[in-house]
Amino acid sequence: MGTSLLGGVPVAENVPLAPLTTLRVGPVARRLVTCVTTDQIVDAVMAAGPEALILAGGSNVVLAGDAADLTVVRLANTRISVDGDVVRAEAGAGWDDVVAASLAHGLGGLECLSGIPGSAGATPVQNVGAYGAEVADTIRRVRLLERGTGSVRWVSPEFLRFGYRTSVLKHSSQWVVLEVEFGLDAAGHSAPVRYRELATELAVEQGERTDPQRVRAAVLELRARKGMVLDAADHDTWSVGSFFTNPVVSRAEFERIAATVGSAVPNYPAEDGVKLAAGWLVEQAGFGKGYPGADAPARLSTKHALALTNRGTATTADVLALARTVRDGVKAAFGIELTPEPVLVGCSL
């Protein structure tokens with residue numbers, strides 16, 4: 001009996017998805033198709049139909065544990081090319097490999113995003129960002145497959161409507177990212193170092209540019225201290241990174257919170273108001289690092305209170321229960337409802 005195919009691509013049956021995600025929870029897929037070329041992705045996605053799940057690095061997704069009869073198309077096209085100051089990455093390329101390749105060619109601009117797990121194709125969906133930078137700063141265009149029609153086209157940043165940790169792609173299954181192009185600094189300067197903690201680590205002024213290799217090294221060190229660099233032996237890294245986004249509140253709301261707390265509230269300027277540090281809110285609401293304790297299957301990282309981690313035996317239900325407890329506790333303490341950063345598939349808070 002021959003191997004079954006989907007869109008001309010071999011199908012694996014009854015495949016556990018937990019090992020394919022950084023949180024290491026999820027269901028068993030009835031069918032898994034792994035595509036190593038962009039053409040294979042297009043053919044497999046169109047053959048699989050609108051209900052198929054698209055999965056790449058699995059670093060920013062929480063999968064329902066009880067999903068049944070699931071077909072998954074896994075993006076494993078990994079080519080990275082550099083032409084002058086333009087870096088083009090296929091969707092399945094490891095994100096940190098893209099950053100490293102850009103720096104190897106003397107290009108600055110992505111170094112603040114070093115060490116973020118996952119794939120290049122996920123970055124425009126989420127408008128991935130860290131340490132004062134986000135991919136919207138450098139994306140030139142994105143190649144998309146429209147699932148309803150099968151058409152493939154390049155789109156501009158204007159089409160993508162980037163926002164804080166979001167884009168037009170995040171809340172729609174209509175589009176599949178195939179490739180991403182970045183326009184970088186050919187002179188080899190880093191992006192401006194906007195984040196205070198990173199500037200302190202580098203001993204530079206906020207807003208200053210410096211050697212991007214130094215920035216990368218500093219970012220990787222900072223991330224490692226917080227358990228934000230993947231390590232299979234360290235359960236503090238079995239997560240989706242920061243589980244909640246930093247909330248943006250009005251100036252009046254910020255002043256109300258500051259008056260309630262009676263001490264300095266970490267904050268940052270934002271277009272629509274004041275951005276608060278979600279990790280600080282979580283800890284101030286009573287959820288310290290490691291909550292609720294060593295015996296819990298899911299708990300906050302011992303290094304970073306904003307990361308919800310799988311201690312080795314957690315299920316999706318365990319992770320979501322912890323997330324609800326933290327979200328509701330912050331709402332009770334401050335009147336602010338935190339928004340989850342990862343994409344929740346087949347489940348909700």
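Just so you know, glycine gets a Cβ as well, placed from its N, Cα and C.
Taken from Swiss-Prot as is:
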- R165: active site (ACT_SITE)
- S242: active site, proton donor (ACT_SITE)
- E341: active site (ACT_SITE)
- 25-213: domain 'FAD-binding PCMH-type' (DOMAIN)
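In the three-state DSSP classification, R165 (active site) falls within coil. Cα of S242 (active site, proton donor) to Cα of R165 (active site): a span of 11 Å. For E341 (active site), other Cβ atoms within 10 Å of its Cβ number 19. Look at E341 (active site): DSSP puts it in coil. Within its own chain, R165 (active site) has Q126, N127, V128, G129, T245, E341 as residues 6 or more apart in sequence whose C-beta sits under 8 angstroms from its own. Confidence over the domain 'FAD-binding PCMH-type' (25-213), given as mean pLDDT on the 0 to 100 scale, stands at 97.
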